[in-house]
Amino acid sequence: MTEESEETVLYIEHRYVCSECNQLYGSLEEVLMHQNSHVPQQHFELVGVADPGVTVATDTASGTGLYQTLVQESQYQCLECGQLLMSPSQLLEHQELHLKMMTPQEAVPAEPPPKAPPLSSSTIHYECVDCKALFASQELWLNHRQTHLRATPTKAPAPVVLGSPVVPGPPVGQARVAVEHSYRKAEEGGEGATVPSAAATTTEVVTEVELLLYKCSECSQLFQLPADFLEHQATHFPAPVPESQEPALQQEVQASSPAEVPVSQPDPVPASDHSYELRNGEAIGRDRRGRRARRNNSGEAGGAATQELFCSACDQLFLSPHQLQQHLRSHREGVFKCPLCSRVFPSPSSLDQHLGDHSSESHFLCVDCGLAFGTEALLLAHRRAHTPNPLHSCPCGKTFVNLTKFLYHRRTHGVGGVPLPTTPVPPEEPVIGFPEPAPAETGEPEAPEPPVSEETSAGPAAPGTYRCLLCSREFGKALQLTRHQRFVHRLERRHKCSICGKMFKKKSHVRNHLRTHTGERPFPCPDCSKPFNSPANLARHRLTHTGERPYRCGDCGKAFTQSSTLRQHRLVHAQHFPYRCQECGVRFHRPYRLLMHRYHHTGEYPYKCRECPRSFLLRRLLEVHQLVVHAGRQPHRCPSCGAAFPSSLRLREHRCAAAAAQAPRRFECGTCGKKVGSAARLQAHEAAHAAAGPGEVLAKEPPAPRAPRATRAPVASPAGLGGTATASPAAPARRRGLECSECKKLFSTETSLQVHRRIHTGERPYPCPDCGKAFRQSTHLKDHRRLHTGERPFACEVCGKAFAISMRLAEHRRIHTGERPYSCPDCGKSYRSFSNLWKHRKTHQQQHQAAVRQQLAEAEAAVGLAVMETAVEALPLVEAIEIYPLAEAEGVQISG
């Protein structure tokens, strides 16, 4: 089983995670039954509306006469309306009714109610138990309850029973602290919507209602509304990535604006000073003395079970005796305080998990986007964002795994889940949270880089696509554009290599970079078995086998395998050299070339020998130096170009033109059966067939090998010099498909033809920024600029002499090997370089030209003598008459 299939199985088996302890479960029944273990089983004081099907008992132990709702049989509770259900399937069906009710177009038509209330039927209402008023939202209901709480004195509690379901216990996975909070949701025409008479309500003894508190298990902060509690919990646990980018980006900008910055966590304070409590509608943060006074004034109706939930040292509320015991242990053993941010934690395990956030220890990596997480639960929750069909998707773009949280979120948009209007983000405003990288002291561009894409000046994006405003790249989904902007343009480099200190944008990049230190290469090429340290490098390498170069320059037609290489190449056409040397003023268009240039100013190269004071610019040169000089062994040399390498593996990795010509030909033409060495050559060969036409077939046999340019003697056959020029039998012409219109020379690729045409047009698109000299090819400019920079990157492994051009190094190596591959066909003398042979051949050419001039002079002298001899005798009259018309026709004047 592959790694990808294993992750898929893991994702299927662990679809549900407990929001309290992050434990994973494979089914909904397991996680719901597990979450009941977090619900406290004490006898809470509940004054509420009971369902007729639920048993109601009196708590006689406390003597208060309050009603306690038993929930042993109904273990599954809906957090939307508080109704208790018997099985997970019933809970899901019940929650689906909420979805249909909140979406008008999907609602099931209901029977007409007997009496239509004045409010809208599509709104869920909240009823006040005192005055029977209905409200459309929890916020309005809560504000109304505040007026009753401030105006009503405290009296003996009395039960209030109505005919509709209520929340009798705490929600699953949340903290419910207060005990006398009751409310009812009434729907138009729904059952159990009967309101008692006014006489019955006047006889009721109204009690002081304590508000429900939702306590965060991470920071102990209390909330009144479940929606606020869920929104706060999202600050501790990352939510899934939304499918639509724009709403999420707007929320991020609004949440991070300086005018309104939300506080996700309270200020870190010692455990003895925690004062997060809300009673009787008063503000959170009263002192301990005031809380104890209010608790004493409320009477002893709380019972012993309620008093056990208060810490005697700091008067903090807790949900269960287990949490209280853990808190008391923090008083005995001391609080667990973070040494970096001074935040206090109740247990050492929570502190260890928090310290992992500071150290960026994320052991669970997402294989899709490279983001890292500290726990497997967070990774699995994040992986759901990559699924094509999220479980619950909101029209605003957010996705949810939990249906209850999805229902709470939809209520924030209003009726039917319609998104609220949001203010669009200005295009030029940067993404919040990702600051611009600070410029370095030296080597940074002094001017902004010009756009290198051909689509920069194009019009608006095509319908259904999203264009990046920085690089004009288009994407099919808004989520892809978001990830591109965050991880390419704005993401800061916050992941550091522990060995060399290099910074990276993603954790996965650090992981791939560490393989350069360890030497691990776990990704081999299936074609040549060459290993690589990352899948991206393997994908780039495989382009060399296929011959594909998808990135082509629009100015010179040169193609590249990487988009970054094309962008750097186009800087040459744009005359943009942003990287300037501070010492000599020479500019470069690539930062690594500036870095290599600086070594020549300092005189110290990065790779130093440990046994001698010599240093080298390349690691390969250092390894060859240690092998030859210190170890006394011979390096591995390339038989084609003579380059030396320290190992056979490095020699196999080396690629040169001569070795490529000798490579086995594995690509066969389907028309003529010819085999070539690469897919690019096969494509050019097939183009030659297409250019030849359907009636012509290229010769299957290759033509006779042409003699090298150095061994071909210039042929001179002057006509009329006393000899006849014999033409050699013409070989069958082999067309290649691309022909020069000026000189009819054939080429196999479009790039070669465009470079050749510059010879006829005189175009030189690569000028030198230092001296102004222009060149036809970028490689010629690159070699020329080394004359200005003094850079000599090609050093001999034997004597250490450095050269600016690799060809000069190859010629220099022949001094040590004694090789002389270039021989003169006239005299047989051999040379180490082609330039020396060319100079020698000029002497033979001069001798040949002198001989030709001598032959011409002798021929002219012989012709002159013949004219002088024949001009003495006069022509007969008849012949003169015949010659005269011919002479006039040719424009020759005959004297005499």
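From the backbone N, Cα and C atoms, a Cβ is placed for every residue, glycine too.
Since the structure is predicted, the reported quantities are computational estimates derived from the model, not experimental observations.
Per Swiss-Prot, zinc finger is recorded for 16-38 (among others), and the stated evidence type is sequence analysis.
Among the features that Swiss-Prot reports, zinc finger is placed at 126-148 (among others).
The annotation zinc finger is assigned in Swiss-Prot to 214-236 (among others).
The annotation region 'Disordered' is assigned in Swiss-Prot to 239-301 (among others).
As annotated by Swiss-Prot, compositional bias 'Basic and acidic residues' applies to 274-287.
Across all of the zinc finger (309-331), the predicted model scores a mean pLDDT of 75. The zinc finger annotation in Swiss-Prot covers 309-331 (among others), and the record cites sequence analysis as its basis.
The zinc finger annotation in Swiss-Prot covers 336-358 (among others), and the record cites sequence analysis as its basis.
According to Swiss-Prot, the zinc finger annotation covers 364-386 (among others), on the basis of sequence analysis.
Annotation source Swiss-Prot lists region 'Disordered' at 434-460 (among others).
According to Swiss-Prot, the feature zinc finger maps to 495-517 (among others), an assignment based on sequence analysis.
With helix defined as DSSP H, G or I and strand as E or B, the zinc finger (607-630) counts 12 helix, 4 strand, 8 coil. The zinc finger annotation in Swiss-Prot covers 607-630 (among others) and is backed by sequence analysis.
Annotation source Swiss-Prot lists zinc finger at 636-659 (among others).
Per Swiss-Prot, the feature zinc finger maps to 667-689 (among others).
According to Swiss-Prot, the region 'Disordered' annotation covers 687-733 (among others).
The annotation compositional bias 'Low complexity' is assigned in Swiss-Prot to 707-732.
Panel annotation: around the zinc finger (738-760), residues 556-559, 680-681, 684-685, 687-688, 691, 776-777 of the same chain, lying at least six beyond its termini, place a Cβ under 8 Å from a Cβ of the stretch. Look at Swiss-Prot and you will find 738-760 (among others) tagged as zinc finger.
Per DSSP, the secondary structure of the zinc finger (766-788) breaks down as 11 helix, 4 strand, 8 coil. Long-range Cβ proximity for R832 (asymmetric dimethylarginine), meaning a same-chain Cβ under 8 A and a gap of 6 or more residues, is found for E811, R814, I815, E819, R820, P821, Y822.
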